[in-house]
Structures are given as structure tokens and as C-alpha cells.
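Below: the structure, in C-alpha cells.
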């Protein structure tokens, strides 16, 4: 039994794909969802982050247990739209694929949750407990929306949290964190013909970077035991097992220098230069360790000339890989997809769970699971398979019913 026809389910997704939320303007999706939920007499609210950014919260049922279902409303920039085969902000159905920015990451997953929630309410299928929908702003960058919801206590009483990021047949119980670390060197600018009376900031920065590479290589050499196992994820992505060495490397801490800036013109000694790193913390080497790691190198080089800024700081998240939520999703999904394709793994990326759970993470069943091929995220001509989008609505409904009944 369904409340919406297949055509209506696709149109609902089309409606929010048309709302351009490239790292902003989630308020438009919130207003759309508010009107939709009001139509079905479902209690909901909009919580503003700022004038244009907001979260949306809706709830059905009452009492315990409480299952939170979450998805983010922002999408990444579409880039040069001339490079797209189909308009990025207009849903296009072609060869059983639904094209558009955010179809995979992750308006497809979000709308699947929305439809599941409405149909559960309309069909009076909720056996007991509460389902709380948390649609967030700003996941792609600073997780402002998730932080606001956590600060206001929307996760304090939940028993389970499912985030419908695009995972295909993967079910994730944990993931790495993510940190942006910017190291800035300062010097003294002079004309390049008299460099000896100046102080080249690039030289100081290179000294830092050389020491960083040396210390990082030492750390990775000893980084051999990990709580997180990401090997099943990579096996799914590349279609074969990865070597033990590669699995060990991928499951541990990683740090990449991704941006370098220094100097403004060739005939001036630069007085400022910077390096920016993306670091993926793990339980063994967490965010506090990373900050100390960078600061110790800075102190060793010259703390008067070097400074550290951490504009983005999301912690790794762990949970029980055999939790009731994980096993329930695995059991339900096996009726819709090939059982041999289903796997449970840790994830190398980060999600809103970093901001949602905080100190409460040990008490919450976590599952990251949703429709879409993760390799399609952020791509030109992004699409979600129509059949997968529709199937996951039913998976979400059945898994929610079973989890709340048996938790």
C-alpha cells in the first residue's frame, strides 16, 4: 500500500531538485517541506541558521524508542552548467535514470525519507515509538545545521540515527572525521633584488612542510592497528579485495596538503604564505592529537613566524557494527537488493553524524545508508537510478517499522 504513485514520488524529487541550494538557500526546501507536511497534518518546524539557511524537523508517533532519520538539503556547486548534458536544476528522466544536481547527494535520499515518513503516518503503520526527521543545512562544508540541532537537544533522546547519504548497498556504522588545518607563515616583504634584508615567508613555510612530511611518514609507519575497517567499502567500489597494506593505510589517519599560497608578484619577497591540509582523523589519532601534531612542528620551526588555524573540525564517529539498526537494515535490504552486494563497513568520508552525536555517540545506534551510487556525488551529469530511489522508500519504511517494534 502506498500513498504516492510512482509518478508523484518522482515529481516530489523534481520539485526539490529545482530549488537551488548550492551551499545556501536551504530555507526554500524547508518551506516546501513545511507545506507538504502540513497537508498531511504532520507536526513540523523550521529552525533558522541565518536568513537563508535553515533546518527542518518533523515527527510522527510518540514515546520511545526514537529513531531519527536525517538528510541534508544543500548541494555542491553545479560548476559550468554548459558542461551538463541536462540542466542541473531540472530533473530529467532518461533510460531509467533521474538526472539533476543533488539527485544522489542527497536530495534523493532526503525525499525518500520524507515520502516514507508520510506514508507510514497515512497508513497508520507505526507500531510504537517516534520517528523524527532531521533535514539539515550546510552539511557540505561546516555542518552548521547539524550543530544547531545537536545544541538544541534534538539528538539527546534518540535510540537510533539513520543518515540517508548515498551508499548504494553499503551500510556504514562508523566514519572518519575531517579537519581543515591552515598553517600560515609570516615574514618581511622587500624588493627581490635585496632579499637579504627581508624575510621570505615561503622559506619558513617550506621548513614546516619538510618537517611535517618527515613526522607524518614516521606516524604512518607505526599506524598499524585500527578500530575502523574501510576495506569492505573499497572492495565494493573497485570490485575486488584490496591488499592488506592498502587496507591498513586507508583505515588509518590520512593527511593531504591540498592548497598552497604564497607571494603576489615575482619581484617581491613575500611576507605571507600558507598551506592548507585536509586531515581525516581516526579514533587512534583524534582531532586533539592532530592539533597537537601540527602545533609541535610549528613550535619546533618557529612559533613566532608560524600560526595554525582550524576552520573545520569534525570528529570521527564510531558505533556498534552489529547494532539493532544495522542488522535490521541489512535484513530488510536483502529483500530488495542482491544479498551478496550488501556489506557493512566504516566510511572514509564524514557526515552530519560528527556534529549530531558528540558525547552521546556511544548510546546511539548509527547507520549511514541511502540510495545512490557514491561515485556519482558531486559529478557533472549527476543521477540516481529511478528503481533504486523508489526501492529505498520501501526499505526505509520497513526498516523503521521493524526497528521500532524490536528495539
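All positions are counted from 1 along the displayed chain.
Note that Cβ sites are derived from N, Cα and C of the backbone, with glycine treated the same way.
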Which one, 8, 18, 22, 165, is listed by Swiss-Prot in the same Zn(2+) 1 site as 72, 105? 165
Simplified DSSP label at residue 72 (Zn(2+) 1 binding site) comes out strand
Can you grab the distance from residue 378 (Zn(2+) 2 binding site) over to residue 165 (Zn(2+) 1 binding site)? Cα atoms, rounded to a whole Å. 13
Recorded positions considered: 74, 105, 140, 165; fewest surrounding Cβ atoms within 10 Å belongs to 140
For residue 139 (active site, proton acceptor), which of the listed recorded positions (72, 74, 165) have their CA atom within 10 A of its CA? 72, 74
